[in-house]
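As recorded in TrEMBL:
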- Cys117-Cys122: disulfide bond (DISULFID)
- Cys419-Cys428: disulfide bond (DISULFID)
- 1-161: domain 'Peptidase M12B' (DOMAIN)
- 169-256: domain 'Disintegrin' (DOMAIN)
- 395-429: domain 'EGF-like' (DOMAIN)
- 454-475: transmembrane segment (TRANSMEM)
Amino acid sequence: MFARLNLTIVLSSLEFWTEKNKIPTTGDAEELLQRFLQWKNVHRVLRLQDTTFLFVYREQSHYIGASSARKLCLGNHAGGVALYRRAMTLEAFAVVVARLLGLSLGMAYDDPRSCRCAGAACIMQASWAHVPGVKAFSSCSVRDFQRFLAAGEGQCLLNRPAMDAAYKVPVCGNKVVERGEACDCGSVEECQRDPCCTTGCKMRRGAQCLSGPCCRKCRFVKRGTVCRSSSEDECELKEYCNGTSGQCAPDLWVMDGHPCSRNTAFCYRGACQTADKQCQKVFGQGAKNGPLACYEEINSQRDRMGHCGSDHRGYQRCAWKDLRCGKLVCEYPSSKPFTREKAAVVYAWVQNTLCVTLDYMKPPTERDPMLVNDGTVCGDHKICLKQQCVPAAVLNYKCDVKTKCHNRGVCNNQGSCHCHPGWKPPTCQEKAGAMGGSGGSASGDGECKGSLKLWLLLTFCLFVPVTIGLILMALRRRGQER
């Protein structure tokens, strides 16, 4: 199920509670999850893992489980609880676990009107349990996961777990690529359908790659093919295949702090962060950021309706300077009540403006989804960071595009120039092919270097024989003169 995300789920350790449960397993799933996380953080398991799950059997349950949304790499907060009900099939339980992991990986539930998948049903859609057949992650889930990675929230996924021989013996056929294997396509029947991998866990003759956006029919795609197109957001960057790998170049974005939205906002983690866009994403077209009076009315409360963050101690009061960095408060554009989200809607009529925010009724220990995004402007050259309004200088933006990139590109998050189409990295001074790109992206640069090497080789091959010929002629003439 996770192959489309280029992820392999590895079970690093397993613990059975045979004598008694180490925590009470009663109550709803959310309550049980908080109890389990507290236990997990006190009783560390033997081996390192990214997330820990508790599987619980129940005769009857109104819940399928709970997990910490977007917190897979947040150590103490990473975990989930999956409830195995009587008469549930193992296939259905596997989908339950996949859905809970999906939430931890930043995925939202699917909107069937706009999300598509290759399976009979999408894993993150509400009606998955009523549709028989193979389940797969949708286009929306893949997009959410890519944004999760782009925001830097999936760093722990880059650390491949060490599975030494004493702990794990490689098994060809388990669909996990292990020590000594080039690939693993699974059963004999599955490998017969796999064009790239054999039943012996070796790549087929002529195969260059197995999977990835730069791999088609087991061959590398042409150098310069776009493998990660930027969205409409001006702070995202296109990436290209390099012709020697099935994987796309590292995901890059415009350097944090670069001006965007006509110099009214800043790029942050690959997005031009504006409160207007955040309002439109929640309340639809026509919604926009509320005036300061709306934020004063809502965020001065220090309760679940208005606050500047929360933790196990409760809700945090907003200092006056931080009011715009607490809960997002929008100007509501419609005369009809808002019913699109499963949340309590908070309206306030302030200075002839209808202000609105939402309460998802999460416990204080969970992040409120309505908090203003980090990187959002909250004042003159100031941005929100962890619900505080701080100088934008904290982003440490150090890029003079005029001198560094010659006004033909922008700096990416690694500090190098990402050139506009037609210009070649690293300085964007020389003309290139139709593509631009960063120093690590294919941009037509390699073809130029290849042509230069060929030209030098031809020059050398022509110059050396001619030079030797001239020397021989000179020696012969001198001999005749004598």
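Just so you know, glycine gets a Cβ as well, placed from its N, Cα and C.
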Fewest other Cβ atoms within 10 Å: which of the disulfide-bonded residues Cys117, Cys122 wins that one? Let me know. Cys117
All chains considered, the count of other Cβ atoms within 10 Å of the Cβ of Cys428 (disulfide bond) is 23
Can you tell me the CA-to-CA distance separating Cys122 (disulfide bond) and Cys419 (disulfide bond), as a whole number of Å? 38
Tally of helix, strand and coil residues over the domain 'EGF-like' (395-429) according to DSSP? 5 helix, 9 strand, 21 coil
What is the separation, in Å, between the Cα atoms of Cys419 (disulfide bond) and Cys117 (disulfide bond)? 34
Using all protein chains in view, find how many other C-beta atoms are within 10 Å of the C-beta of Cys419 (disulfide bond). 28
Between Cys117 (disulfide bond) and Cys428 (disulfide bond), what C-alpha distance do you get in Å? 40
